[in-house]
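Trainee: According to Swiss-Prot:
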BINDING   Lys22, Asn23  phosphoenolpyruvate binding site
BINDING   Arg93, Arg122, Pro123, Val124, Asp125, Gln126, Asp305, Ile327  UDP-N-acetyl-alpha-D-glucosamine binding site
MOD_RES   Cys117  2-(S-cysteinyl)pyruvic acid O-phosphothioketal
ACT_SITE  Cys117  active site, proton donor
Amino acid sequence: MDKLRITGGAQLRGEVTISGAKNSALPILCAGLLTADPLVLANVPDLNDTSTMLRLLGRMGVRAERGADGIVTVQASQVDNLEAPYDLVKTMRASILVLGPLLARFGQARVSLPGGCTIGQRPVDQHIKGMAALGADIRIEHGFVVAQAARLKGASIRTDMVTVTGTENLLMAAVLAEGQTVLENAAREPEIVDLAELLIKMGARIQGHGTDRIVIDGVASLHGAEHSVIPDRIEAGTFLCAVGAAGGDITLRNAAPDTLGATLDKLIEAGLTIETGPDWIRGAMQGRPRAVGARTHEYPGFATDMQAQLMALDTVAQGTAVIVENIFENRYMHVQELRRMGADIDIDGHTAVVRGVPRLSGAAVMATDLRASASLVIAGLAAEGQTQVDRIYHLDRGYDRMEVKLRALGANIQRLTGKEPA
């Protein structure tokens, strides 16, 4: 398996282009199932997860192509398989997002229960509850979510918790349902707004996206569209945490600062100089950062997907930070690896107390999930000596050529390639 070898101590300087948002691209690719016409999508990141999604759609009969210019075209005019099998779904939780489009357009779906990062239980029960409210006959059978409906009927649905993928799935199901659907307690993430904007281009009638109450008036059919995926706010935040920990002065191009309010506030509190424009962010850091605590919340709160990266910055900060993880259980698996590098961190339930040390020391560490792997890279950049990060297939799920971008900023980082174990 591939590894990253990082020699710490180099400051980061220069410019880097932020890729399209993984968490926007995945549901947008699934939206291609809602029409027989082509979707032409720009700024789709080249990631393991997007490649897996394209393979899954291809398995269903969708024509899915990535051009040399980075444009992805999907056309679901010859769908002949309404099953999402375990061998593809097991590596990516977002594959549950084919459920809503398949059910809405074809009246049936058989989707294996998903995998992805091992962060808590992340149940799909809210998806099932919502589809049932829309009139689907839906059940779990032999590890699959099995659903069918002649035509979905609009309904008022309040999820028991705020769920991003649940909101996306129900949104895609409702656009072709008969009548009006109201999603209460809906997630408000920018990626949901991006999906809704695409669906509107396709002919959907949606209001309230970006709020906790989304109203969808179903239509008989959708048509093709062109769309550009929004920039990845988590990738942008990750690079800003990296310069905060390692020091330096970087500019992020193709960034969306208006989606990063909570993250930028924390980084300013940590001592970074932050400047923004319509599509760029500059982050600069001299000396050690100040310790800054955070409580993760649904958008527009501080993102759970930024918790591990902020913790990596706090490990080398002046002072003590308290971080509380409110979204997922079992999301501190990076802590034991950071401790191997000399980090001083105590965990009590959902709370982490991070006491900054002057310098981490390089060590061999192992990535356990997507954002944890990013935190270990940040720690390696700030550490003395050499760090080797194993299991970086987690990193490749959500970051487009991270080591290449960091190297362009002056980091001493190399990918060591190796064969997968038998």
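We number each residue from 1, going along the chain as drawn.
For all residues, glycine too, the Cβ spot is worked out from N, Cα and C.
Keep in mind it's a predicted model, so treat the numbers as computed, not measured.
So that I understand the layout, could you describe where these features sit and how close they are to other parts?
Mentor: DSSP gives Asn23 (phosphoenolpyruvate binding site) a helix state. Long-range Cβ neighbours of Asn23 (phosphoenolpyruvate binding site) (same chain, at least 6 residues apart, Cβ-Cβ under 8 Å): Ala94, Val164, Glu189, Glu191, Asp232, Ile234.
DSSP gives Ile327 (UDP-N-acetyl-alpha-D-glucosamine binding site) a coil state; it is part of no helix or strand.
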Trainee: On a count of neighbouring CB atoms within 10 A, which of the binding-site residues Lys22, Arg93 is highest?
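Mentor: For the binding-site residues Lys22, Arg93, the Cβ with the most other Cβ atoms within 10 Å is Lys22.
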Trainee: Between Asp125 (UDP-N-acetyl-alpha-D-glucosamine binding site) and Lys22 (phosphoenolpyruvate binding site), how far is it from one CA atom to the other, in Å?
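Mentor: The separation of the Cα atoms works out to 23 Å.
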Trainee: Just jot down the residues in the same chain as Val124 (UDP-N-acetyl-alpha-D-glucosamine binding site), at least 6 apart in sequence, with C-beta under 8 A of its C-beta; none if empty.
Mentor: Ile96, Leu113, Pro114, Val145, Gly166
Trainee: Hey, which of the binding-site residues Asp125, Asp305 is the loneliest by Cβ count within 10 Å?
Mentor: Asp125
